[in-house]
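The structure under discussion appears below in the form of structure tokens.
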Ligand code: SF4
Ligand code: SF4
């Protein structure tokens, strides 16, 4: 059985973002990413700073640790990264969770397809806007969305989420939404201070940015069928890891 | 054509709560409620304090005012109250909005059924916990949920939402969730200071309460399949009306 590089397993807590915002879930965070976003809030998954914390775990190992932590108090697991879509061997974990009636969410930027992604209950594809300094491969993203469409996964099981830091990012978000109008679409406020420990100021700053993003969206007739959300966990726990 | 008692029409803004949290929407708030919740944040809809602001409007009048305010910048309208389910004549408005490809959400406590409720795209039923001092008629609520089940409206178009202020409210929420396990379920933090203008303190206080509700839910194996949310608009705009 193939081993997966795991950096964090924690919960139960709430999903603070996106299509199942507020959902009670456990988190599994894998190491490794094919991107290097300028404002990555999980840079420790790929910049080497946490490399001694990476554990090579089988699906069984991960499942057992989830059960140890969460007992009977969860039925939803979120796989996050880094980019978990780099890992072909994730199929066994997804199957094992489903066998135990546990739903599975995945967060990925949409740069790679794996066949097990067709079995994800809540799939969030989060292409990165210009401020990240990354370049979206839209040919690849088209292929992924088409694959999901052909498996009838779009309406109920998929969403697109774009993090917005500035006007240029917003235009990028409009482009993504107009390219895939049938995919549920979420705008999310960017957090450009992922190191401060001053939670009150962070909350105030993020609320101001959230209001800015709301106002921009409200004025724009191209962005009617969208949802605009903050990161709730940042309001509650600031920049802490593992909550 | 029957006239509806309308107190507010505003937007576009975001839906700050519940099943379509973050969704760009317009609001229509009707006057009148069959409840008198102790902590009602819309008491002006029924306590007489805003009775001079009530306008008797036809579906056409309401539709025209929505278009005047929102232009082409919306495709979703939320009908709120008070309890809009008191108004049999709402059917014409729902139909007119649908005819223009505009989705319709409704917020009601679940004390009354109207046939047009079977056409609502995002129906939030919000039975009131003990702290409200109201008593839920579960026979009535059973009948409403069964009607929605028989029309196959539950999975995609309906949610239950319970506002929680204290431990007793939480137990009530558990009871509601266990009674209707097939209905998507949302827990919401109660705001017991609906008059303060001190937004920073209000935000901090609501975040503390939100963390309390998250922690309670995380510990409780009866509440796995739920989502726990705050009121986002209160974070952004405090207790202001009409945003
Ligand atoms: S894709 Fe995600 S994990 Fe990878 S660098 Fe960008 S923000 Fe970080
Ligand atoms: S049901 Fe809603 S509008 Fe009516 S009194 Fe209670 S909180 Fe207020």
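Cβ from N, Cα, C; glycine included.
Unlike curated records, TrEMBL annotations are generated automatically.
Residues annotated as substrate binding site in TrEMBL: A:14, A:15, A:16, A:29, A:80. Annotation note: residue A:14 (substrate binding site) sits in a strand segment as assigned by DSSP. Neighbour count (other Cβ atoms within 10 Å of the Cβ, all protein chains): 25 for residue A:14 (substrate binding site).
In the three-state DSSP reading, residue A:37 ([4Fe-4S] cluster binding site) counts as coil. Long-range Cβ neighbours of residue A:37 ([4Fe-4S] cluster binding site) (same chain, at least 6 residues apart, Cβ-Cβ under 8 Å): A:128, A:132, A:133, A:134. Per TrEMBL, [4Fe-4S] cluster binding site is recorded for A:33, A:37, A:40.
Taken from TrEMBL, the feature S-adenosyl-L-methionine binding site covers A:39, A:40, A:41, A:82, A:126, A:127, A:128. All protein chains considered, the CB of residue A:126 (S-adenosyl-L-methionine binding site) has 19 other CB atoms within 10 Å.
Positions annotated as Mg(2+) binding site by TrEMBL: A:42. Sequence-distant neighbours of residue A:42 (Mg(2+) binding site) (same chain, 6+ residues apart, CB-CB distance under 8 A): A:29, A:33, A:80, A:81, A:82.
The domain 'Radical SAM core' annotation in TrEMBL covers A:20-239. Note on the domain 'Radical SAM core' (A:20-239): its mean pLDDT in the predicted model is 96.
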(message) Through the lens of DSSP with three states only, how would you label residue A:80 (substrate binding site)?
(response) strand
(request) Run through the Cβ atoms and count how many others sit within 10 Å of the one on residue A:16 (substrate binding site). (result) 19
(request) Please classify the secondary structure at residue A:29 (substrate binding site) using three-state DSSP. (result) strand
(message) Based on a Cβ-to-ligand 1 distance below 6 Å, what subset of the binding-site residues A:33, A:37, A:39, A:42, A:127 would you report?
(response) A:33, A:37, A:42
(message) Taking the Cβ of each of the binding-site residues and counting other Cβ atoms inside 10 Å, which one has the highest number: A:33, A:40?
(response) A:33
(request) Filter the binding-site residues A:14, A:29, A:33: retain a residue only if its CB is under 8 A from a CB of chain B. Output in sequence order; output 'none' if empty. (result) A:14
(request) Whole number in angstrom, please: the longest C-alpha to C-alpha distance across A:14, A:15, A:16, A:29, A:80 for substrate. (result) 15
(message) I need the most crowded of these binding-site residues: A:41, A:82. Count other C-beta atoms within 10 angstroms of each C-beta and give me the top one.
(response) A:82
